[in-house]
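Database features (TrEMBL):
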{"type": "DISULFID", "residues": "Cys145-Cys178", "note": "disulfide bond"}
{"type": "TRANSMEM", "residues": "12-35", "note": "transmembrane segment"}
{"type": "TRANSMEM", "residues": "55-76", "note": "transmembrane segment"}
{"type": "TRANSMEM", "residues": "83-107", "note": "transmembrane segment"}
{"type": "TRANSMEM", "residues": "204-229", "note": "transmembrane segment"}
Amino acid sequence: MAVEGGMKCVKFLVFVFNFIFWVCGVALVAIGIYAQVALDKALVVSTASAAGTPVAILVLGIIIFFISFFGCCGAWKESYCMVTTFAVLLSIIFLVEVAAAIAGYVFKDKVRSVLEEGLWDAMNKYGEDKALTEAVDELQRDFSCCGANNYTDWSSIERFRVNNTVPRSCCRVNSTSCNVRPSPATVYENGCLQSIEAWMKKNILIVAAVALGIAFFEILGIAFACCLMKGIRSGYEVM
């Protein structure tokens, strides 16, 4: 009776954990969509490696969503095979997340250089590529910025240097000549690289908190799954 009661308790804990883990998966999906929408224009002007980050978060959330559903079914049916598969998949995801966190810390400076490279590439193609031109304009308006590092960056682009102008999306005041002979009084002084970095630092605590919460529940899930596997196997051996 005690063993059976213990099994029911572990089964309940695994089931509850998987529900919480399912919520974490939904949270990751939401964060991925939010990052994709909020940084939409910044990602357009960036390279593929930078643009893939929100998509990777979104995909991870979807994977966790389905794995948690798989774990719920295994716990409910007391299927040794399903619970074992769930524990293995969860362990793999946890190791991948740890590796990604380490890689993110090691290559954190690379993110800035990749983003800066993408901004300069978009600026050089301004007026030639319609999609990039619109992306740069919207990026500068949304983040109240001008150029990569500051508004003087546009003077290195031939079409703006000859007329001593900047794109009208740099204007902080609404006038017909605000982009001619730009100055901090008429255009945004800060560069878009600085503005995007400030946005990321502001929101990184949210991402870190969610990541730590998910990692904690993953460790609990692996432990509960192993206990349930042991209980199911012991039941088979008794039978």
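Cβ atoms here come from the backbone N, Cα and C positions, even for glycine.
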Contact ranking winner - 12-35, 83-107, 204-229 against the transmembrane segment (55-76), Cβ under 8 Å: 12-35
Residue with minimal Cβ packing [other Cβ atoms within 10 Å] among the disulfide-bonded residues Cys145, Cys178: Cys178
Long-range Cβ neighbours of the transmembrane segment (204-229) (under 8 Å; 6 or more residues past either end): 7, 10-11, 13-14, 17-18, 20-21, 24, 27-28, 31, 64, 71, 75, 78, 80, 83-84, 86-87, 90-91, 93-94, 97-98, 101
